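Chemist: Straight out of TrEMBL:
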DOMAIN    16-254  domain 'ABC transmembrane type-1'
TRANSMEM  49-71  transmembrane segment
TRANSMEM  120-142  transmembrane segment
TRANSMEM  148-166  transmembrane segment
TRANSMEM  230-254  transmembrane segment
TRANSMEM  266-285  transmembrane segment
DOMAIN    323-552  domain 'ABC transporter'
Amino acid sequence: MLAHLIRQSRHLLMGAALASIASGVCSVLLLTQINAVLSAPGGTDTSALAWRFGAFAVAAMLARMASSVLFERLSQGAHAELRRFISARVMAAEFRKLEEIGGPKVHAALSEHSARVADFFVSFPAILVNAVIVLGCLVYMAWLSWQVFLAAVLVIGLGSLGYHLAHLKAIGHLGAASKEQDRLYDHFRSLVDGAKELRLHSAKRGRFARDVLGDSIEKVRQARTFGMSLFSISVAWGNFLIYAFIGLVLFMLVGEVPDRARIMTGFALVFVYMVVPLEGLLLALPRANLAKVSGARIDEITRQLGQQGGEAEEDAAPALASLALQGIAHRYYHEGTDDLFTLGPVELSFAPGQITYLVGGNGSGKTSLAKLLVGLYRPEQGAIVLNGVAVDDASRDGYRQLFSAIFSDFHLFDQLLDGTSPELDAQGNALIAKLNLQHKVQLRNGAFTTRALSQGQRKRLALVVVYLEDRPFLVFDEWAADQDPLFKDVFYRELLPELKARGKTVLVISHDDRYFHLADRLIRMVDGQIVAIDTPAAAAPVVQESSLETVA
Ligand SMILES: Nc1ncnc2c1ncn2[C@@H]1O[C@H](COP(=O)(O)OP(=O)(O)OP(=O)(O)O)[C@@H](O)[C@H]1O
């Protein structure tokens, strides 16, 4: 991921890197001027040195400004690019894959990991400028004395080896921390989603705080502390080597040479000048490593997400003449219990204007069959045949545009996402009034004024969305379960027949046996298999005109 981002913005990165290198070079040139002034014999005219010093200082400042601004731009650009990339991959992923991976991992990739990768572009100039200064100082040192330069190379070699060993160990711990952090995000979600349960049971709250959330926080803390400490230890090791090197040079390498004071001043200056950038370099490297770990994590998550086939054109709802499920099946494997739930093979066909009820006990596979039907799951065997043509990976997204569905864990977006127009608002508000919600919520500029409603009311709003979508096939997964008896009656006796009269095909997953006799067709499921298909003798008389007004 990091490599991809670097490749993608290579021109800007090259410009920023050049500016950083220029800034580092100017800093080293400043050092040569300082040393020249310090070692100039008394009475020398230093005005030329002063001019050069001023010019290098200004150049160093301008180059640093340019590199910082460019790298900030790169960092923000990389962050935005990553967020766009991950969001696009999440939207393009197969629904089943997304279910398996789970929200917390995706949230972690979108927030923490992308921020850390973007951070790389901020720490990169520090690495580059400091590396150039250290390198420049070494070259200057080689010019002053090649023996000292060789000693420096030896010390740096030793330092790098120690750093590399520490680095390998640290990366392992940081990787473990980032995996545990995915679980931590899951616990954070429970903290909010499970707020009611946690408040009602103090013992569970305590155990959750201590053994679940607390444990996970502690594991992340330990692994991060360990990993980052290893980096800090290697920085201290590097520091020690620098001082050991200074000692080696000052007390052993520079013997009784003529002009000793001048040479010593030169070295001392180089050392002092080099220590801070070297420390900066060693400190910036761990941030770059964290970015690498996060980049690898993003890669892993996006790889797991995979990608489904072709995407449908926007607003490309196909027509429905006939739809047949031919021996389709799906399996869930439960790792914990090593057990397998098998749905199907299912043989079923649907015709326009037909109302089918799907009934059965909890866990019998009704929702899973609905997910297969609407194309959210790819059948593991068999085929879905729409208007005589089998649906394949390339056409599945187009096929899905046939349906509007309200699953029991539906999500209500605060906007319709159908564009905005006064006509759409008026149409939506008329439906809201029909569903008796006009005093609670309105549609303004294509967005609902509030979503702070009861679950049953939010489901009615979801129904408004479905009506506005006007798709040929509607799926309601226990839609009426949250409605009061009066509205339940309206749903089964008035809304469904009205949809039928409009030629819609409807699949209703239901536990409301009081209304089963109203179905055109009643399918019973047991343990993943269809065990009976009835056609209740007398379907309820079809209501031709909408009588929703009676609800208001
Ligand atoms: N996301 C999932 N991951 C793994 N297994 C699942 C998943 N969803 C459902 N299952 C398994 O599939 C079985 C059928 O579940 P499904 O939700 O389709 O049943 P259902 O008939 O709709 O139940 P209910 O009436 O309770 O909504 C369950 O027993 C469960 O073991």
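Glycine is no exception: its Cβ is also placed from the backbone N, Cα and C atoms.
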Chemist: Under an 8 Å Cβ to Cβ limit, what residues of the same chain, 6 or more beyond the ends of the transmembrane segment (49-71), are close to it?
Modeler: 12, 15-17, 19-20, 22-23, 26-27, 29-30, 33-34, 36-37, 40, 121-122, 124-125, 128-129
Chemist: Give, as a single whole number between 0 and 100, the mean pLDDT over the domain 'ABC transporter' (323-552).
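Modeler: For the domain 'ABC transporter' (323-552), the model's average pLDDT rounds to 87.
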Chemist: For the transmembrane segment (230-254), give me same-chain residues lying six or more residues beyond its boundaries with a C-beta closer than 8 angstroms to one of its C-beta atoms, as numbers and ranges.
Modeler: 145, 147-148, 151-152, 155, 158-159, 162-163, 166-167, 169-170, 173, 260, 263-264, 267-268, 271, 274-275, 278-279, 282-283, 285-286, 289
